[in-house]
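Encoded as structure tokens, the structure appears first; notes follow it.
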Amino acid sequence: MDQDMRTYDQMVRYMHKQCEASGWLNLHDCPDPSTIGVVMKLPHNQRSIHPPALHQMTIEAVDSVDAAIAFTMASEITATLFRQMSPYQTEILVEPQGVKIPVVDSMENFIHLANTDQLTGSACIVRSERVILVWSNSVENILPHGAELEKLLTETIWGHTSSNPMSRRSSVPILTRTPPPLYFSPPPVARTPSTEKHGATISTSESEQGSKDEDHEAVYDPESAIAGPKHRPMILTHSFMVGLAMMGLVTIQMGGVAQLVGEICIDGNYLRLGYLLMIPFSTIFALFFATTLVACLFQLFGPVSDIKGNSRYHSAIAPSPTRYLDIEYPHITIQVPIFKEGLTGVIIPTITSLKAAIKNYESIGGTASIFVNEDGMQVVDSELAQARQKYYAANNVNWCARPPHGKDGFIRKGHFKKASNMNYCLQFSVRIEDELLRLTTEYEKDHPGEEITGEKENELYSQAMEAVLELDQGRTWASGNVRLGEFILLVDSDTRVPVNCLQLAALEMTESPDLAILQHASGVMQVAHNRFENAVTYLTNLIYHSIRYAVGSGDLACFVGHNAFLRWKAIQSVAFDEDGETKYWSDSHVSEDFDQALRLQIAGFAIRLATYHGEEFKEGVSLTVFDELARWEKYTYGCNELLFHPFHKWVYKGPFTRILWRLLWSDVKSSSKVTIIGYVFTYYAMAAALPFCLANYCLTGWIPDKLDHYYLDSFRIMIILLIVFNLLSPISYNFMLYRLHKVNFFRGMWQTIKWMPFFMIFFGGISIHLSKAVLCHFFNIKMEWNSTAKELEESGFFIGMDRIAKDFKYMYLIVILLTAGMIYVGVYAPESWLITNFTMILPVANQLACHVLLPVALGLY
């Protein structure tokens, strides 16, 4: 311990020495030299201080902001600043960057503001001590932070043409410049892998893409900074890729037709034309394969520069706050659907992350609130419910909870309850809004000419909520202000968000009025760090990188149902009436996010993918194979219900759903229609893997002489798929990341090779499960899914075996019967029924083996 303290003391002395060398600890420029020094926070609530005689009030001030390291700056620059400041000034505004530096009268005032959460940022001017307190949550960032702060102060004093560079305001002292950490100079646009890793948030703002001088250094252009939003081009690379894929499919199909025609000319057997009936089905199933093949070639040899810039459906560069100096930031509501997740392990860390973002947003003049859609409040034990309510009340979290399923006849509709939960809470908010409008109108009639103050509005809101709750007769539990802002940030209960995400989203949504959803790319927030979670983390990152490439190349952005900003008016505009209610989300669809995205795009709204936060948005992933398998079942069921009606509705509604027809006849890009259809039928292809292999096994084994050469057997299909998805796709994917300076190519290939056996078992073993989901929807058999577990549950060999016996018994029964049948046909059947050809057996055997291994190899440990 003593050795550790000596190490920390050496670090603090080194920092003190560096600050002195920079001229920041000038004892002659402040009235009390004991306030000048460096404080570093240590483990176990200890601290290291230099000089040792540092004033206690300075130490307490550093403790109040809970910073990793801080120092008090006193220099010639600060002395000049204090001489120019007004006695009543509460903050300094540094133009044109838009940085606000708060001013307080004393260290006591600073501590009070910090303890009451009225202080944000990383620097504050203290008038009586004539110092600037500078702090950081990162020891290595404190010196660059101090250097940039000094630069800004220099610009404030001497660097502007305005006669009065100081801003005199009466607001609560605040500091911000977004994004944090504060004040890092922008690196060049073309970044190396190291600069991609460090400080990537700031390096992607639009202000950094300005003009450059002949030495290739960034030059600030004030005219460009106020020019408004930049033009977003429509990238056509993806459309070209889809066109090539379709050309390839047509060429292959026409080649098959030519072969059939040639054979008919030889033997006159027109029955061969029956194969033509398979062309539409084989084409749809091959769409994803064809587009993947072309995308692989483009990842290897095609352009990638579009992915680094902004376009109609993609934002790689964050909006610059300097373009919107006069913006009035709108209110943002953060919507968090919650069920039975743990308070300490899941909910509190998420709320803490959201509160940090709100604090930052409020520091620049915006307002935001948290609206928890509590589906577990009336379901969990009373003690847990009370604990949640106390936490929400203490942290200014607004919430609404609906009754349990079946209580007094109440129905929680839907196979997956998230959509109906959000509908209930949004409807409750709208009802309060309507009641508040009625009360406000009455008040204005009774008090003509009287302005409604904020205090009076809060009073009227309380009356409105009480009236609506009373009308619900105890069904609804709610607390706080559940009114909705102009924009909604939709997150899951296990989410982490960047501190500056609200400001940047407000800017981007404001500059694009037709933008309905701003979907953010996410990183993975790991919980267990076990083998399965690591594998799913790799898969999730792969999917997000592939989405970034596709959208950056011009494809429509997807909406994944969380970590997305929604325009409330757009959501309202595509709402629909069902069961006597206005519904904003479809609770009759499992994939409510896919349905919402289709309705918005059909209505002419845009959905955009933002990647400028890197992986700062974080989401949880499945922790067990059981949860991941349920997730794929849910996706398959959801895709099927978006395209097809159940069989019993075909008589009077036809096979295809209304939303599919609306999509096909809408103004959505044709290439994107192709990719949407191709994506959906990927699930059908995976579901049909085992049935098709069985059909091929029987056809090629028993009637090979009657099959035409037009027929392509399963073995050749399997070889083609292995070459494309297990060889070409990993190489092109990692080479694309290498071209984007995201990863070392060979390190990326090693990661791919490491997880390849895992995913060969997983994707080879899900055919029966996905087929079950498709058949359950077609035959109107009820399926329900709970939310994915957010915390690692108790596990072990015997617990896993019990779960396998419970959930997979019917699958193993099917596998055993099929295996026994193959053994009989391969060994004991009459000679005319024997199937012994290896190429006929291997595809089916591979599927059956993967089904056997899936729960055992991936689920036991």
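Yeah, the Cβs are placed from backbone N, Cα and C, and that goes for glycine too.
Copied over from TrEMBL:
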type	residues	note
DOMAIN	7-165	domain 'DUF7928'
REGION	183-216	region 'Disordered'
TRANSMEM	240-261	transmembrane segment
TRANSMEM	273-301	transmembrane segment
DOMAIN	487-693	domain 'Glycosyltransferase 2-like'
TRANSMEM	676-703	transmembrane segment
TRANSMEM	715-735	transmembrane segment
TRANSMEM	755-775	transmembrane segment
TRANSMEM	810-829	transmembrane segment
TRANSMEM	841-860	transmembrane segment
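Tertiary neighbourhood of the transmembrane segment (810-829): same-chain residues 694, 697, 701, 768-769, 835-836, 841, 844-845, 848, 851-852, selected by CB-CB distance under 8 Å and a gap of 6+ residues from either end. 755-775 is the stretch from 240-261, 273-301, 715-735, 755-775 with the greatest number of Cβ pairs below 8 Å to the transmembrane segment (841-860). Taking Cβ pairs closer than 8 Å, the transmembrane segment (715-735) reaches residues 289, 292-293, 295-297, 299-300, 542, 545-546, 743, 745, 748-749, 752-753, 756, 760, 839-840, 842-843, 846 in its own chain, all 6 or more past its ends. Per-residue pLDDT, averaged over the domain 'Glycosyltransferase 2-like' (487-693), rounds to 93.
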